[in-house]
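Note sheet for the following structure.
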Number of protein chains: 6
Amino acid sequence: MRFEEAYSGNVFIKSHPNYNESQAVIYGMPMDWTVSYRPGSRFGPQRIREVSIGLEEYSPYLDRELDDVKYFDAGDIPLPFGNAQKSLDLIEGFIRQLLQDGKVPVGMGGEHLVSWPVMKAVSAKYDDLAIIHMDAHTDLRTSYEGEPLSHSTPIRKIAEHIGPNNVYSFGIRSGMKEEFDWAKENGMQIAKFEVLEPLKKVLPTLKGRPVYVTIDIDVLDPAHAPGTGTVDCGGITSRELLASIHAIAASGVNVVGFDLVEVAPIYDTSEQTANTASKLLREMILGWIK
Amino acid sequence: MRFEEAYSGNVFIKSHPNYNESQAVIYGMPMDWTVSYRPGSRFGPQRIREVSIGLEEYSPYLDRELDDVKYFDAGDIPLPFGNAQKSLDLIEGFIRQLLQDGKVPVGMGGEHLVSWPVMKAVSAKYDDLAIIHMDAHTDLRTSYEGEPLSHSTPIRKIAEHIGPNNVYSFGIRSGMKEEFDWAKENGMQIAKFEVLEPLKKVLPTLKGRPVYVTIDIDVLDPAHAPGTGTVDCGGITSRELLASIHAIAASGVNVVGFDLVEVAPIYDTSEQTANTASKLLREMILGWIK
Amino acid sequence: MRFEEAYSGNVFIKSHPNYNESQAVIYGMPMDWTVSYRPGSRFGPQRIREVSIGLEEYSPYLDRELDDVKYFDAGDIPLPFGNAQKSLDLIEGFIRQLLQDGKVPVGMGGEHLVSWPVMKAVSAKYDDLAIIHMDAHTDLRTSYEGEPLSHSTPIRKIAEHIGPNNVYSFGIRSGMKEEFDWAKENGMQIAKFEVLEPLKKVLPTLKGRPVYVTIDIDVLDPAHAPGTGTVDCGGITSRELLASIHAIAASGVNVVGFDLVEVAPIYDTSEQTANTASKLLREMILGWIK
Amino acid sequence: MRFEEAYSGNVFIKSHPNYNESQAVIYGMPMDWTVSYRPGSRFGPQRIREVSIGLEEYSPYLDRELDDVKYFDAGDIPLPFGNAQKSLDLIEGFIRQLLQDGKVPVGMGGEHLVSWPVMKAVSAKYDDLAIIHMDAHTDLRTSYEGEPLSHSTPIRKIAEHIGPNNVYSFGIRSGMKEEFDWAKENGMQIAKFEVLEPLKKVLPTLKGRPVYVTIDIDVLDPAHAPGTGTVDCGGITSRELLASIHAIAASGVNVVGFDLVEVAPIYDTSEQTANTASKLLREMILGWIK
Amino acid sequence: MRFEEAYSGNVFIKSHPNYNESQAVIYGMPMDWTVSYRPGSRFGPQRIREVSIGLEEYSPYLDRELDDVKYFDAGDIPLPFGNAQKSLDLIEGFIRQLLQDGKVPVGMGGEHLVSWPVMKAVSAKYDDLAIIHMDAHTDLRTSYEGEPLSHSTPIRKIAEHIGPNNVYSFGIRSGMKEEFDWAKENGMQIAKFEVLEPLKKVLPTLKGRPVYVTIDIDVLDPAHAPGTGTVDCGGITSRELLASIHAIAASGVNVVGFDLVEVAPIYDTSEQTANTASKLLREMILGWIK
Amino acid sequence: MRFEEAYSGNVFIKSHPNYNESQAVIYGMPMDWTVSYRPGSRFGPQRIREVSIGLEEYSPYLDRELDDVKYFDAGDIPLPFGNAQKSLDLIEGFIRQLLQDGKVPVGMGGEHLVSWPVMKAVSAKYDDLAIIHMDAHTDLRTSYEGEPLSHSTPIRKIAEHIGPNNVYSFGIRSGMKEEFDWAKENGMQIAKFEVLEPLKKVLPTLKGRPVYVTIDIDVLDPAHAPGTGTVDCGGITSRELLASIHAIAASGVNVVGFDLVEVAPIYDTSEQTANTASKLLREMILGWIK
């Protein structure tokens, strides 16, 4: 069983060498085959790990150090290129194992569809699960050009699975009219354009509940995250996203898992997107894993 | 059967196939030969069209869909490389034809000088025309190193043509002292650094008037539009520009034509600038063409 | 008056506007979801068309002009992202229609797996079909990490379909030992490292036979084609590839279809790869379509 | 006749040709050999000069023109590659000469360690010197992996040299816990995350004092300065940095020297970072040199 | 003391500081406004100078050092952006002055049209002038889309001016059928595809004659010169071009002037094209200026 | 002792997990602080490892698989940034340990100076050591601008250490006249421009002798290796370098260690240089370690 031994590969900074002793497990989901626009997020997890060596281990925002949390880096889940269904099944199986072992799953995408099997597995463990979703896009389609397995569908799938009223989207600035209409008709809350202020209103209502947080890096404005599949102007700043992470940390919700997806390094020669992703992950780990 | 008809290639998303049935016409002006710094905006229109396929057709800002407006994509106007005067003449003739046919001209640059013949033609049709100009630069020179046909001169030309008091510039953060002095002495309003707030003050005074809007993409900070000839820090965010477009949409002015210029794709490997331009055009089309 | 007719946008230079009157049809197969390394070839066909406007219409190699051949550009075949089987089925159907209409198929990839349904359809029409394959890689796997639908398998599939002795590979410099062994054991000819000289030996034996030619752009050295998924040094020059195309043109074989695959523009900021692809296609069209 | 005199090549725009008649001297310190992450800032000064030709000579912020200040461009100080100590000695000697000649030193880095010998030399001339430091990083280490000469140490060195209570850091968002603790215990003021507001509070207390200002370009968010060695999200905008420069200009402090460091052009294909640096330098020159 | 004299900035390595004492003058012609495809060669001369600092001063090919030749760098000729005729007039005037002063003109482009006024001025001085032209393109058009001043025309202009039989083109691999036909009908020699071998045949016939050499960097294969406006595969290697320069050096022809044009740095992130140009210029200076 | 346990990091493909059982050890020397031109080779080793996952494990050139050789990847040697002497000492100590343990050292640079301590350590073990050196540059300086520790000096240092007649340089195309003169006067053989043919003449004379091979990637033409500090046209092809490696493999010399240096990934957006380096290393490992 590979979990018993140290993973030999490019790991996220300060990863703990022992799976059994870790509270959380960080892993990559290098899948990008259902994206409708620019592929490349399969290389996101490896590049995020690589640049994480440039991170300070201390957060002056949270006054906490990475040594204070034990997380194991399990590497990238090996996925069959071009086979979406099998990839999702493999991810779901991987997460079920993690949850059974009592680990907090910390995922790196990959396209957003990878969050679907994770959220499904997490919802199987936590009855009263709520989803906090930060994204430029609604991701509420039932299919994309006839394909039900598409990067435009994961939030619809989990909303139908656990009930739309348990899903909270923030920062949304793109989608089809039908998607917005479906959300409204089904009691799902979508905060358009903004993240921090609407989040502050929602968080008190989620206090004590198990929450899974899924963040598409494109919730950031392209100025702050040019290295992603779909760049869509009018987004939030990295400051607002950091403040939102810290707001969740301070809110008393019980974060039982989280992911950050859609980092596609090839489109960003400055590597700011991967660097930003690695800092965001540091803040999420330090703020959300107690 | 699609084989029977001509292939409809690279056009702005959701363009209407028939010129006669369209309210507006979108066209490229692929000229960049008078720029004093970095050329490349000749490829702006084609790249904007190309990335427009990634746009959602629905605007959650305006609750309107591209199907609600009929616009024909006339392609790029063929211009003689390196011959500025002849290029401007060709553009002017093209626009006169559009206006005669009752179409709203929607232009994509190209360097900013292309807006001059367009504005001239539009002013010939509308007596009481006002110009709303968003830009990092005054563009009020009479010539550049001796050349009267320069990308630094279009606003001066139209201001002298229709009267400086009918021209309103916003977001200006660069220019010669003489340009600012000329504007002040001649009653032309220049809002330095900001766009949205000063625009909100001006719009009520323009209610009901025909207005042509010309936007140089470099009114955005380089963080939001690195792919342009002259990058000049201290600009506005894409959020402020979107809000400004929406303010015009809600103001009751009569937008009779508009353009977006100076997108130079080669300087932006992330392609965020072209993507941003295509979204801005969607919002302008949906907000300004009734 | 050009306004009266539909705008003819991004097509390969000098494409004929009428399908029925054309001898050949050029089309894109924008699929890249089974690649094991770097995706992005989905954007190959559009970029090749775009840069084709820079091509001269006359070939000083062949003393022939593009006006001498009638080919229709059918655009990109719409494919469902991430669904390999359905994509292959759609391609096969498309090709069967072309062949039924008596057109020579001229394909642009996309990953190399797209050539499999094309070759299958072509082999259904021509009994005695031979395949000329130029590539850095054997592409003779039966599967890749368990997936039978992989970009590493198309030559194996067609070799098993029409018999390995009818398939001729050239320029091969990478593969598993098992692949080379399988070829040897099954009578398939692989010319390692070189293209032109071994090709000149094979061509006389194919005289008069129907031949399908499939070229992976990575048969070129990365110096000549950096914009591809898998860069592998030690390849041939563009001069050798041009000479090989001309050798086929002069050989008396009957080229009944051909493709050029694996152009991935994002990895090549100079755009030389797409430009090279467009020139290679010009030479293939002028040399092979009589 | 221009041929009779030496060609005056790549200098910062509007530099004065005569050293003796100049108030200030601008110079490059092309050193990057102690950086722990991405090198390349050695090319910062030359690229900043190169793009400065695109600057307007007039500041609409300050209503002043570059002709109003006389500054000589002394070129890059020749430094021995890979020898940190000798480089620092050479820089210190150079600055001592400038100060003896009554010139205001205006430095362009290179890595941040180059500021240490400059500040040391300046503190030898001005008894009551205060340091204003804008940066993403504390730079308060005593050494980096055992090396006392590291780009992570310059602020610690000057703080120990002139007393930590005379050093004011702004915009800091990264560092080790020990660095923040050391500052707190030793009376050094660190303003975390923000620059303009805390600066406005400090400036009145520095009125009339000699002040050296050292700005690491990474105090800007990577969205505004992707071309630097260490990109760290959550920074300030170029607008806030411009406003901070203007606040110092209006404060009545006596700026006796300043530098802008860590521009590494290779990581920024849009060249916005070098362009931003050149505009910031224009504003500093116009605002701070009376 | 270096402060007493003007800073000598960005010049070609080892340029002589005194015009009068120099044998040759190197200068830039930063014009790119008539190019039909990708602009950007206006920045060629400055980038070539910048990277020339990386050159060794000694040629192991020719066993000669740059100190053995005296050449003055006159900087870039200031040209009015977008005005082709005036630019050509300015260039011609500049060259006439150089020739009158007895200097060998060494030009750096810019687009190829800049060579036309240079060759015209040179032909006015030397009765029996021959032109050696190395290029991917014939450049024999009379106009381009109606414009007689186009980068596709300079060789036609000089051929008509001094007689087509005095012009020798090498390495040509693109052009219109009409251009090749015109050359053949008018006795102009075009060596297709190759440079070195046909050049070796021509050189003995030119012995003792005054020769102007004009090299378009795109005679090189894009693998060797990706940073140019029009990349066209199938070109020669940098080795063949170096050998061709050396063949001219050894031939006994009298090189009375030369240029290297069409370096467009923006398309080549590795900067190999500008570096190659600077080395080629070193070899031309050392080999051709006695 | 870290050698006893598996290295936890990004390893070269098919590395053996156990140091003791390995014949060879591959390691990175991430130093670039003495380079006089473009830094960045510190990231070479990590990027080479990263792209090595795209390599086939089988060599069709040598008919051998990576499983046939046991090599341990020891990661990058931690070096103090900016301290050249200490870095060289650390490298030498590391190599002495490897040699004492009977391992073949396989180094990845980093700048070329790192080869000096390696060759020194190897020469201490093997009395009759010869050096095969492939490079664009002589690297025979005694110092660079006064610095004896410079990337321009390693071959001079080893030549003086073991006698110039034991050092054989190939492919040299740049250097100072003094360097070529020194070699000639001291009996050191330099093959200018070519590698394969002169190498084939030298190899028989080295039969049976212990040989260390040091390859600077810039021996390749920039077309084949744009990602390096100093790009210098006129180099050899990757085919010639592969053939040279194979010639050594077949020669009967006893390769007791080797390195490949100066890969600087940032200058090559296609990543062909790192990919080429990884394939060259595969061939060296398979060909030279028996």
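Each residue, glycine too, has its Cβ placed from N, Cα and C.
Straight from TrEMBL, the features:
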type: BINDING; residues: E:His112, E:Asp135, E:His137, E:Asp139, E:Asp216, E:Asp218; note: Mn(2+) binding site
Within 10 angstroms of the C-beta of E:Asp218 (Mn(2+) binding site), what count of other C-beta atoms is obtained when all protein chains are considered?
-> 29
Those residues of the chain, 6+ apart, with a Cβ under 8 Å from that of E:Asp139 (Mn(2+) binding site) = E:His112, E:His133, E:His151, E:Ser152, E:Thr153, E:Pro154, E:Ile155, E:Arg156, E:Gly175, E:Asp216
Based on Cβ atoms within 10 Å, give me the single least packed residue among the binding-site residues E:His112, E:His137.
-> E:His137
What residues, ordered by sequence, lie under 8 A Cβ-to-Cβ from E:Asp135 (Mn(2+) binding site) and sit at least six positions away in the same chain?
-> E:His112, E:Ile155, E:Ser169, E:Phe170, E:Gly171, E:Ile172, E:Thr214, E:Ile215, E:Asp216, E:Asp218, E:Val219
Where does E:Asp216 (Mn(2+) binding site) sit by DSSP, helix, strand or coil?
-> strand
What number of additional C-beta atoms lies within 10 angstroms of the C-beta atom of E:Asp216 (Mn(2+) binding site)?
-> 29
Enumerate the residues of the same chain, E:His112, E:Asp135, E:His137, E:Asp139, E:Asp216, E:Asp218 excluded, that satisfy the criterion Cβ within 8 A of the mean position of the Cβ atoms of the recorded Mn(2+) site; list them in sequence order.
-> E:His133, E:Ala136, E:His151, E:Ile155, E:Val219, E:Thr230, E:Val261, E:Glu262
Check E:Asp135 (Mn(2+) binding site) against DSSP and tell me helix, strand or coil, would you?
-> coil
